[in-house]
Amino acid sequence: MKIRLDNVMKTFETFRAVHGVSLEIESGELVALLGPSGSGKTTILRMVAGLEYADAGHIYFGAEDATDIPVRDRSVGFVFQHYALFPHMTVAENIAFGMKVSKVRRDKAAIDTRVTELLRLVQLDGLGQRFPGQISGGQRQRVALARALAVDPKVLLLDEPFGALDANVRRDLRRWLREIHQELGITTLFVTHDQEEALDLADRVVILDKGRIVQQGTPEEVCRNPASAFVMNFLGDTNRFSAAVSGGVARLGDAKIPAPGFADGPVEIFLRPSDLGWSHAGEGIAATVARVIDRPAGRRILALTATGEAVELDVAPETVVSAQQKGVITIERARVYAAA
Amino acid sequence: MSAHVNGRPPRVGDAPAFRRALIGIVLSLVAIVIIAPLAIIGYQAFSQGLQVYAAAIAHPDTLHAIGLTVVTALIAVPINTAFGVAAAWAITKFDFWGRRFLLVVIEIPFSISPIVAGVAYLFVYGLQGLFGPALESADIKILFALPGIVLASMFVTAPFVARELIPLMQAQGRDLEEAATSLGASGWRTFFSVTLPNIRWALLYGVVLCNARVMGEFGAVSVVSGNIRGQTNTLPLHIELLYHDYQTAGAFAAASILALLAVVTLVAKVLLERQGAGRARRSPALAAPRAAPKTASAEVSS
């Protein structure tokens with residue numbers, strides 16, 4: 001089912017949560033709504049579900065205008081951040097709930113068969129008789145997904161699906177959700193504030209800031225070509241410098257950074273830690289090492305430039321470097337944005 | 001050893017003299033203020049023998065008072081339960097203008113003297129009152145009759161159920177109801193299969209407290225009932241009447257029934273608290289009354 005949002009707006013009392021958002025999600029696509037808290041991502045998801053009504057604009061499911069269809073009749077599967085499993089029902093009863101209350105009558109045997117099927121799909125065979133309080137967080141998450149899938153929704157919506165889980169469980173569940181999506185091909189929209197999660201899981205990432213879409217594209221597009229300083233900053237660690245362009249070239253220390261298309265004047269230059277290198281001499285920014293942080297994948301140097309600006313850079317694990325050492329930060333890649 | 005229990009330095013208030021004095025004061029107060037009067041009721045009720053006790057209870061006026069009290073409770077408690085559930089639901093699940101105001105207003109009967117409620121009802125439904133003439137011409141009798149007694153009891157006990165439910169339902173949030181609705185459940189279905197099972201103990205707890213108060217209410221009812229023996233006297237009013245008539249054994253016999261009700265309420269309260277009612281402090285995800293022992297759930301959810 002293709003979903004289309006057309007200029008959707010939502011205001012809470014005096015706070016404008018969503019400003020005219022238009023978005024298309026192709027049938028079978030897995031899309032992430034990514035943004036900091038307060039960016040309106042959850043509100044958009046809840047409007048697609050019908051848990052909030054849009055103040056203006058339209059939401060289409062396929063060709064049908066779903067804007068005013070109540071959540072009960074919208075046939076969406078919604079997975080809540082804290083799962084919202086019914087604590088007084090067993091896992092099997094939770095999964096069966098949607099089928100039992102459905103207007104489509106199903107006999108008990110059919111429901112039981114479907115519950116067993118779904119338990120197998122979410123790899124929880126044999127746990128049907130447990131209560132939600134008796135299983136782990138990751139298992140609860142999977143029960144919530146099975147419950148949402150039980151009613152054959154047109155769309156699957158997930159609100160911060162892995163937010164409450166620890167890092168290892170989260171990574172496993174992410175891979176697993178991707179597999180389930182591949183298997184079922186259901187149109188899926190999920191909300192996250194974790195850029196790694198969005199990039200890892202989604203076909204397409206929609207980045208939001210203050211109730212507006214600031215960029216959307218495949219993970220590759222948004223990573224390689226961030227549309228604005230905000231996106232650049234939000235997607236990962238960056239170092240920001242103010243510099244001046246003259247004749248299409250910006251200068252940082254004695255490094256020259258091409259800035260084609262920028263008029264002479266101030267600009268902002270963003271450098272990821274991995275875009276930088278450390279060398280004893282050469283063209284770059286002169287700096288002194290303040291501290292070295294060792295990580296499994298390499299070493300991160302915290303350095304101070306001559307003008308006192310802190311810079312973080314990642315170097316290979318073999319690099320021999322220690323605090324107080326003087327050297328030069330070399331620049332391999334840089335992104336230039338107009339000064340704010 | 002006295003100052004250093006188990007070899008540790010004393011915590012605040014751990015000094016033995018202080019501890020003993022505090023416990024002593026509390027115990028004697030409980031004995032004088034609570035235990036002794038209750039014991040006296042039991043003693044006085046049976047002071048002239050079981051037969052006098054039985055006769056006092058079996059007196060038509062006493063039986064009528066018991067009957068009236070039960071009927072009042074049978075009407076007032078269900079209405080207030082429905083009101084309490086509706087109010088708690090509205091306050092915790094909807095956003096509307098005046099929500100906070102409603103939350104405060106519901107608590108008014110707790111902070112106001114019941115006699116004020118009684119007098120207020122006089123001014124509203126009495127002959128000289130707001131609706132008095134209209135009611136009289138329609139031949140509807142509210143004051144000095146059952147409707148007045150029920151209304152006064154309802155006023156006094158209006159907050160009991162709502163107050164038990166609101167903190168619990170606030171803690172549970174709206175997720176469960178939203179989940180049920182998104183799965184296609186109707187409003188009623190959501191209430192009966194999702195909301196009610198999760199609030200049932202707190203609800204029962206509120207009903208028990210509400211019932212005890214309805215049956216025991218004196219002040220408001222005494223103003224609106226007119227104290228007509230054998231007609232509009234509830235049990236508490238009847239006890240006062242007997243007492244003023246110097247029928248001590250009868251008064252204490254009737255009082256022993258109310259005291260018995262209090263004991264039953266207390267036992268019910270303790271049992272319900274074991275089921276988790278009366279403290280809405282658990283995480284919604286783990287609020288399952290039938291959940292595994294704490295240790296097991298802590299293990300798997302880590």
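The backbone N, Cα and C atoms fix where each Cβ goes, and this holds for glycine too.
Taken straight from TrEMBL:
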TRANSMEM  B:21-46  transmembrane segment
TRANSMEM  B:66-89  transmembrane segment
DOMAIN    B:66-273  domain 'ABC transmembrane type-1'
TRANSMEM  B:101-122  transmembrane segment
TRANSMEM  B:142-162  transmembrane segment
TRANSMEM  B:202-228  transmembrane segment
TRANSMEM  B:248-272  transmembrane segment
REGION    B:283-302  region 'Disordered'
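Long-range contacts of the transmembrane segment (B:248-272) within its own chain (CB-CB distance under 8 A, at least 6 residues past either end) are made by residues 38, 40-42, 44-45, 47-48, 52-53, 56-57, 59, 62, 65-66, 201, 204-205, 208-209, 211-212, 215-216, 235-236, 238-240, 242, 278. Panel annotation: around the transmembrane segment (B:101-122), residues 87, 90-91, 129, 143, 148, 151-152, 155-159, 162-163, 166, 217-224 of the same chain, lying at least six beyond its termini, place a Cβ under 8 Å from a Cβ of the stretch. A Cβ distance under 8 Å defines the sequence-distant neighbours of the transmembrane segment (B:66-89), meaning residues of its chain 6+ beyond its ends; these are 102, 106, 146, 149-150, 153-154, 157-166, 169, 191, 195, 199, 203, 206-207, 210-211, 214-215, 232-236, 257.
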